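K.L.:
Here it is, the structure, as structure tokens.
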Amino acid sequence: MRLHVADHPLVAHKLSVLRDEATPSPIFRLLVDELVTLLAYEATRHVRVEPQEVVTPVTTTTGVKLSDPSPIVIPILRAGLGMLDGMTRLLPTAEVGFLGLQRDEATFEAVTYANRLPDDLTGRQVFLLDPMLATGATLVAAIDYVLERGAHDVTAVCLLAAPEGVQVVQEAVGERADVQVVVAAVDERLNEKKYIVPGLGDAGDRLYGIV
Ligand SMILES: O=P(O)(O)OC[C@H]1O[C@H](OP(=O)(O)OP(=O)(O)O)[C@H](O)[C@@H]1O
Ligand SMILES: O=c1cc[nH]c(=O)[nH]1
Ligand SMILES: [Mg+2]
């Protein structure tokens with residue numbers, strides 16, 4: 001597994017506002033959207049393209065277009081939904097699948113409650129969206145889903161990760177596939193409730209309110 005940590009002052013600035021407990025939901029949602037667009041630039045660095053002839057007003061040249069089959073973007077509900085528009089802004093022709101996973105706050109296992117993915121992901125580039133990589137259980141479950149369906153090229157876009165979770169994902173993926181995690185920052189640690197420290201709290205609640 002490859003880990004890419006964004007190193008950009010704008011990312012750091014927006015992330016700092018996101019962390020602030022005084023930042024209200026409307027601003028939080030806006031910042032998540034902006035941050036994802038910045039991360040998407042890095043996350044799509046190896047998106048597959050193929051040559052395409054272009055007729056300019058001056059001449060004919062060879063450009064590129066995204067290869068078929070198109071990439072698939074999968075937000076992990078709920079919080080990952082806040083990242084969808086930011087990602088599809090850069091990949092407007094991508095298809096979108098959905099995966100509903102909730103962390104059981106007693107066992108910290110990922111529980112699946114929704115799944116709307118193509119059965120066959122062979123040859124598809126997959127982009128998983130989830131703002132928080134804490135224990136790693138949720139991301140490992142999501143990666144397992146897509147690998148079982150034949151994907152081999154998976155990029156997870158996250159806002160914050162805990163070092164513990166990064167290691168769990170690394171060990172779970174092993175040599176099974178080409179997996180990349182793009183993240184705005186890797187924080188210090190998890191606390192006793194397995195929340196990321198310093199973190200930003202519960203991303204889903206901050207985006208959508210407490211349910
Ligand atoms: O790495 P982990 O320890 O598995 O934790 C991370 C998961 O926890 C949060 O989701 P949550 O279960 O709160 O669901 P929500 O998005 O509906 O709030 C977050 O969005 C991740 O999906
Ligand atoms: O810090 C954390 C950990 C898990 N889920 C969150 O939303 N935040
Ligand atoms: Mg939550």
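Glycine is treated like the rest: Cβ placed from N, Cα and C.
Pulled the feature table from TrEMBL, pasting it below:
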type    : residues                                                                                      : note
BINDING : ARG78, ARG103, ASP130, PRO131, MET132, LEU133, ALA134, THR135, GLY136, ALA137, THR138, ASP202 : 5-phospho-alpha-D-ribose 1-diphosphate binding site
BINDING : ILE196, GLY201, ASP202, ALA203                                                                : uracil binding site
DOMAIN  : 5-209                                                                                         : domain 'Phosphoribosyltransferase'
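Give me the local environment of each listed feature.
P.N.:
For the recorded site, THR138 (5-phospho-alpha-D-ribose 1-diphosphate binding site), the DSSP three-state label reads helix. THR138 (5-phospho-alpha-D-ribose 1-diphosphate binding site) has a Cβ environment of 27 other Cβ atoms inside 10 Å.
Taking the Cβ of ILE196 (uracil binding site) as centre and 10 Å as the limit, one finds 26 other Cβ atoms among all the protein chains shown. In the three-state DSSP scheme, ILE196 (uracil binding site) is classed as strand.
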K.L.:
By a 10 A CB contact count over all chains shown, which of the binding-site residues listed here is most packed: ASP130, ASP202?
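P.N.:
The most densely surrounded of these binding-site residues is ASP130.
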K.L.:
Around ALA203 (uracil binding site), how many other CB atoms lie within 10 A of its CB?
P.N.:
25
K.L.:
Based on Cα distances to ASP202 (uracil binding site), point out the closest of the binding-site residues ARG78, ASP130, MET132, GLY136, THR138.
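P.N.:
Of the binding-site residues ARG78, ASP130, MET132, GLY136, THR138, MET132 has its Cα closest to that of ASP202 (uracil binding site).
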K.L.:
What does the structure give for the C-alpha distance between ARG78 (5-phospho-alpha-D-ribose 1-diphosphate binding site) and ALA203 (uracil binding site)? Integer Å is fine.
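P.N.:
Rounded to a whole number, the Cα-Cα distance is 9 Å.
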K.L.:
For the recorded uracil site formed by ILE196, GLY201, ASP202, ALA203, which further same-chain residues have Cβ atoms within 8 Å of the site's Cβ center?
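P.N.:
Other same-chain residues near the uracil site: PRO131, MET132, LEU160, TYR195, GLY199, LEU200, GLY204, ASP205, ARG206.
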